[in-house]
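The domain 'UvrD-like helicase ATP-binding' annotation in TrEMBL covers 175-571. Per TrEMBL, the feature ATP binding site maps to G196, A197, A198, G199, S200, G201, K202, T203.
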Amino acid sequence: MDIVIKASESTEENFRENLKSSLEGIDLKDSSLSYMSMLTNSNLLRRTEEEVKRLKKFATKPYFAKINFLRKETNQEEILYIGKISLFDKETQMPIIVDWRSPVANLYYDGRLGEVSYEAEGEEYEGYLSQKRQFIIENGELEDIRDIDLTTNDELLQMSLANSSSNRLTEIVSTIQEEQNNVIRADLNKPIIVQGAAGSGKTTIALHRLSYFIYTYAEHFTPNQLMILAPNRLFIDYISEVLPELGVENIHQTTFVDYALKCIGKKIKLKHPDEKLLKFMNREVQDPELTRWISAFKGSLQFRDIINQYLQDILQTLLPKEDFYISKFRLYSAKKLRKLITYEYEYLPYYQRIEKIKRILQNHVRTEKKTMIEKITNFYDEKLERALNSKANPENRRKYVSMALDKKDYALKEINKEVRTAVNTYMKQIPKYDLFHYYKELVTNKELFSKYALDLTEKQIEFFCNYQLLLSTEKSYELEDLSALLYLQGKLFGIDKMLRVKNVVIDEAQDYSYFQLYALKSVLETDMFTIVGDLAQGIHSYRGINDWSIVYKDIFPRASYKTLQKSYRTTIEIMNAANEILKLLQLNLPPVEPVVRHSQKPVFIETTTEKATIEKICSEIEKMYSEGIKTVAVIGKTNNECKKLAKLFGKYSSLSIQSLQENEEINKDEVVIVSSHLSKGLEFDAVIVCTLDETFEANEIDIKLLYVSMTRPLHRLMLFGKHKSCFLLDQIQDASLFGELDS
């Protein structure tokens, strides 16, 4: 590898010298050849610099595997090394290292020893795979070599999973499992929806699929045409280090809220997306049933259908009713303009259609101006000629000619004046309101809303419009309104071209609503989405998705649906306990399959005083640190519980703690105190779930929050509470899944 890097650096220096010579040799009088030389060397230098940077990045671990493959009808066995990048012999162009994303590398992930095949560029290649070998290389040192079969594959995976959490997502190219590989390499020309269990690697797999997409379509796509929609800014930080490792750079990374607001193009007062969840958690919702209904309704395809009917009526108000005249000249009939708006320009947002009509009229006026002036001139010139040739007495003839000339001058002045203002005057008949006017008109006007909401009860309509009216008086919106606002923006005004992308990855998609996904698909005008989530972790189920079949039947009908049921994050004992909690919900999901690793059972510890609780927690954390555990989180049910925990830690403990706030970067050297809803998507070596004043109750949100909390650790899980009922352990069928604390 050092030889290759030195050769590339030498080439880089040559291009640098050539560029310098080109700059010095530019002839100001005739610099075209010198300029072309400079441009060529500049491009070659940039590409070589990128290559050197790339080679140096992977120099200490150039490859991680090797396969021996004998193609059918050939006698020479190919020995292929697999790494994160491709490397070719400059003279023979034969591969030295093949990229993990290349078609032939799929044999390493998918192929069993023996007769195998792979597809490349529409053709199938068959052959015999005689060896799969993995190399453990760290910092340029070869630490281990293993030939892979089913047994050693599990051993290698176990070694990888036994590592500590770094609070950063990491690449897994050397240990991708078969079910994960099937998702990564699924048809790239179709959207994909992935139901991934907690710890199944769904986020990592989504990013690896994005990397695979970029590799496969490098000539057709640029990174800025791709977008990751993350659940929050903390998540963007969490995945920041893995993206360059996977060759996924310069792509848009944002949240749905930030993206929707950019599309709308106006700042609005938006309630915090978690406000309603926190109220549910704290039992502060006055009418839980109707509140759940309104959240689900605003995120439903039923609400989309109501808006579509409303849009049809809006369109009717935008259609011209009068013909377009300048003076007595009819330049365009209203009927023809209505046809253009309704049918010819149907592909455009409404107000872009109106702007197009305006430009058509302006262009038509410009082209017809000369004709109109000629007709007026000819009309009066004919009158003058007849007058001059008439036998009327000279005085009358003189008066008539003078009056005709005055009328001609006036008519020409008027036509010139009208040409400048006619289009704007005509367009005034078309109403122009902003996005928020239209939305408010629909959702606060009971009479209007009732016209479209035929499937709703009077009580629901009353509650909905009053609810929206209250928001309107506060001049605020909630997350559930953004779907409709984004959709209306797209239909009425369109979005900035700079905000359009062709491929989207959505993580934690179970917390999206159906309308959210539909609105995104609509404004982006693409269905190329990679959607990953876990219904079991749908803590926003009152507004979110509870059935993937609606997504792949009614929103993305071309999509393939995959499941990742194996959990690689946590141990078999912890996952079995979490599965037992999940059974209380009776979700129609297959149980999560924990793989590979065993450890201690999760432990419940009964607490007494607050002081004793904190001291015991700290004692256990110190013990974990001594055993090699690196990252520890203490999870409280609510924000209030976490504030109290932080205060007690400050009073009774010398441990350094971090009270994790939303969008805050995790400090891996401190004990992290985090609320259950914010812990979703994170992982730690060990987790202590502690209840002081709060308890997890037997309702959907609480059960899912408890499940999320229990599936955060890689190695160790402890539950601290006054009673087992605080964690619903009195309601599970198999209490033996929880162990006793070793003395």
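Any Cβ shown, glycine's included, is placed from N, Cα and C.
On a predicted model such as this, the values are computed, not experimentally measured, just so you know.
Here the features listed in TrEMBL are painted onto the structure.
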{"residue": "G196", "record": "ATP binding site", "CB count, 10 Å": "30"}
{"residue": "A197", "record": "ATP binding site", "CB count, 10 Å": "29"}
{"residue": "A198", "record": "ATP binding site", "CB count, 10 Å": "24"}
{"residue": "G199", "record": "ATP binding site", "CB count, 10 Å": "26"}
{"residue": "S200", "record": "ATP binding site", "CB count, 10 Å": "27"}
{"residue": "G201", "record": "ATP binding site", "CB count, 10 Å": "25"}
{"residue": "K202", "record": "ATP binding site", "CB count, 10 Å": "24"}
{"residue": "T203", "record": "ATP binding site", "CB count, 10 Å": "23"}
Ask   = Should S200 (ATP binding site) be counted as helix, strand, or coil on the basis of DSSP?
value = coil
Task = Would you list the other residues of this chain near ATP - those whose C-beta lies within 8 angstroms of the C-beta centroid of G196, A197, A198, G199, S200, G201, K202, T203 - in sequence order?
result = I205, D534, L564, S567, Y568, R569
